[in-house]
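Enquirer: Have a look at this one.
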Amino acid sequence: MDRGSKRRQVKPLADSLLDALDYDSSDDSDFKVGESSGSEGTGNGSDEEGSKESAAGSESDSDAAAASADEEGIDDLETKDLNQEDDEEEKVKESFSEETSSKETGGSSRSRKKGEKSSDMEPNGSATTEENSAEPKKWNLRRNRPMLDFTTMEELNEMDDYDSEDDNDWRPTQGKKKGKASSGKEKEGSGEEDDDDDDGGSDEEDNEDDNDDDDDDDDEGNDDESSSSDSEEEGKKPKKKAGKNTGAFDEEETNDSHSTSHGKGNEDSLLERPQTWSSQRMEHILICCVCLGDNSEDADEIIQCDNCGVTVHEGCYGVDGESDSIMSSASENSTEPWFCDACKNGVSPSCELCPSQDGIFKETDAGRWVHVVCALYVPGVAFGDIDKLRPVTLTEMNYSKYGAKECSLCEDTRFARTGVCISCDAGMCRSFFHVTCAQREGLLSEAAAEEDIADPFFAYCKQHADRFDRKWKRKNYLALQSYCKVSLQEREKQLTPEAQARITTRLQQYRAKAELSRNTRPQAWVPREKLPRPLTSSASAIRKLMRKAELMGISTDIFPVDTSDISASVDGRRKHKQPALTADFVNYYLERNMRMIQIQDNIVEQKNLKDKLESEQEKLHMEYDKLCESLEDLQNVNGQLRTEGQSIWSMMGGIVGQKLNVPAVLKAPKERKPSKKEGGSPGKSSSLPAMLYSCGICKKNQDQHLLLLCDTCKLHYHLGCLDPPLTRMPKKTKNSYWQCSECDQASSDEADIAMETLPDGTKRSRRQIKGPIKFIPQEMSPEPKKPQVRGTRTRGQKRKRMSICEEEKMEEPLPRERRQRQSTLQKKPKADDTRTECTTCKGPGDNENLVRCDECRLCYHFGCLDPPLKKSPKQTGYGWICQECDTSSSKEEEAQEVEEESVNEETAEQEIPD
């Protein structure tokens, strides 16, 4: 049977298209060569097969067509049409000769495929071969579909009787072809799941028919000749790149990824296809706003509202799976828009359980709105229909939970006590937070489906939540928020006006239906007794009040809300209660007024008592001053009598001729050094009589309990007179003491020298910045405001008289000049203070590892101290003495006490004989 007879049996274009679309790929194995005489081209590789057939019989096509026309009685018009078809096949052959030559150099796998293709056209081109006629062969109908005269997807869509929805097994491919290049496009979308049309790596085709290998060797030479002869004309034919199909992606991902070109141009175009598909796939990833999951399955699909763009699982929202669950963007076969309950009712709801305004809502039986996630996680919330999660019932929950706890995760503290807060499910944890706040931080969890738990929804705080689960949930939440912000704008741009009008019309129908059902449904049951609820627990009320304050010009920032959870005061009564129209708040308000009256009366009584005590203190101070004057007179008389007694005692010793022991009465009393115990520490009584000390700054002697002794200058200061003022007494330890700011300023030069040895000067510069600025102008001022009297002693002069002689005082009458000279004299020896040797171990050292005692002036290593230290025990504002000096001072105090006791005993013995 020659080629001309086959050409006469070519079907019309419409019939060929219907045959191609109704074709079932599962019947390939039963299709014989003899049954395929009705079609000439192929669907997937018709261009290639046609080119190879024309290459095998390019010289005798016209003769064979004429002979067949004479035998069958075809008229001249039919012969002319067949000759035109011959010319078209020759053009197709020339356009694909380069691809055929490239396949020849592809390896053994390519040669097998070409051999099979040559064996397919061998029964058509040479009918004289007995082996081919005697043995029928199978062929792949997907590779030999009728050749279509369409080059782009748009031309197919223009046909009235074509429906792209039903053609799930067909997709045009792209490639640089001319003329009938659409046959190459059909190859990718023809439902082909094997690798027959790939680069030549098909092993299944060889296994199906082993006899094809013998024919491959026989016909390989013919293919080589035809491809080599046509390769010269390949450069003259321009190529066109077919338009890329950017339709909805579906489950044909494997076909798209496995379909490869047979030329370099097709390879480049196919490399762009997976990238485009992956970018489209990433753009369509949806996240459920209830569980934050992104897994969408057929049984539980993620659907999206066509109005507000919110995304949710069907199971998470209680969609029944009927027509209302089909959404235009959720499935490629869906045509009905879907809307959430809030959009159906045409409201912008506010949740009653939390301050968040995002997410998806459900309506309560009382006409309020709550988040679905809030209704699932808040204890006490019930559903009328468990499967559909509606309506939500809030009456079963105790109303005392509203505003009872403060949310620890709220971004705006003004909404921290709105709604209902849940607690952390980790044992005795006392963390409370809103459900949506916990969802924002990724703290919500849900038990697995196989676990049988009464309440499968639980939440943990940041401390007890799993770090990895929290991380991916937090990312999904942020991705969901960013997607919701841009989804509406993108959808409006992508939708056509007709689709937008269809969605708007459908939404109006839903809203009319919802309005009708709202008016006809029975009224929900509510308890007879009205339950009070704090107004401040409603987030919507707080927003309206804030808006009112803004319109009135009142700033809400100047009224900070004190939400500290202090349940009771010192006397056991509640310190603060949220304002509400309840009996508890009324009782609290009345009790607070009574307490305020009592406190005010107490303040008046304390003021009167203070005035009375101050008047008594003034009288006592006057008596004290008189006693001090008499004490000075008695001390002078006592000194004179002591000197006379000593002279008489020495005279008596001279008369006796031997040295007599001077009695304790005639001995001059030693000046007792004030110890650290005299700094006002309670519970330590001294043998000396109590004295009233005056402040070194204000020169007043009131508030003796607030006077602090400086261990360097031995002056007392009020805590409030210091710079900066102190709020409590400084702590004095065993080996440290306290000094005032001016003494510390003078002794800080030693620390500055040590700081200079550090590698960086950060601490030194910081030390210089911290120095008090108010003392610098006093030292640098050239003229003093008021000359100081020589006998007086002020705060600025308390260290001048310690290291200055009388000659310097005569030479420098002005105190300001003495101050400058004294500071110079004091700094010189401290600048030369270099510590080189440890007193304990006699080892070398420097200022970085040695510390000097402020009394004995000896140096010690930090590690040689008892106990050893890692850093200097000298702190800023405090001095330091070694352990030996501290022990010796305590021994001196004990010896002095013993001596005083002995003096008292001798005095008592001398008074007895009298």
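Each residue, glycine too, has its Cβ placed from N, Cα and C.
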Enquirer: Taking 253-301, 596-644, 645-693, 743-791 as the choices, which stretch does Swiss-Prot tie to coiled coil?
Expert: 596-644
Enquirer: Going by Cα-Cα distance, pick out whichever of the binding-site residues Cys343, Cys429, Cys698, Cys721 is nearest to Cys710 (Zn(2+) 7 binding site).
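Expert: Sorting the binding-site residues by distance from Cys710 (Zn(2+) 7 binding site), the top entry is Cys721.
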Enquirer: Taking only the Cα atoms, work out how far Cys743 (Zn(2+) 7 binding site) lies from Cys698 (Zn(2+) 6 binding site), in Å, as a whole number.
Expert: 18
Enquirer: Mind checking which residues reach the zinc finger (348-381)? Cβ under 8 Å, same chain, six or more beyond either end.
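Expert: Apart from its flanks, the zinc finger (348-381) reaches 289-290, 305, 310, 312, 316-317, 340-342, 389-398, 401, 410, 412, 415, 418-420, 422, 434-439, 444, 455, 457, 459, 481, 484, 524-526, 538-540, 542-543.
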Enquirer: Considering only the binding-site residues Cys308, Cys343, Cys429, His464, which residue has the minimal Cα-Cα separation from Cys695 (Zn(2+) 6 binding site)?
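Expert: Result for Cys695 (Zn(2+) 6 binding site): the nearest of the binding-site residues is Cys429.
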Enquirer: Reported as an integer number of Å, what is the Cα distance between Cys340 (Zn(2+) 2 binding site) and Cys424 (Zn(2+) 5 binding site)?
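Expert: So the Cα of Cys424 (Zn(2+) 5 binding site) lies 31 Å away from that of Cys340 (Zn(2+) 2 binding site).
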Enquirer: Can you grab the distance from Cys713 (Zn(2+) 7 binding site) over to Cys424 (Zn(2+) 5 binding site)? Cα atoms, rounded to a whole Å.
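Expert: Given the Cα positions, Cys713 (Zn(2+) 7 binding site) is 59 Å from Cys424 (Zn(2+) 5 binding site).
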Enquirer: Among all chains shown, work out which of the binding-site residues Cys308, Cys713 has the most CB atoms within 10 A of its CB.
Expert: Cys713
Enquirer: On average, what pLDDT score does this prediction assign to the zinc finger (405-465)?
Expert: 89
Enquirer: Where Cys308 (Zn(2+) 2 binding site) and Cys721 (Zn(2+) 6 binding site) are concerned, what is their Cα separation in Å, rounded?
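Expert: Cα to Cα, Cys308 (Zn(2+) 2 binding site) and Cys721 (Zn(2+) 6 binding site) are separated by 67 Å.
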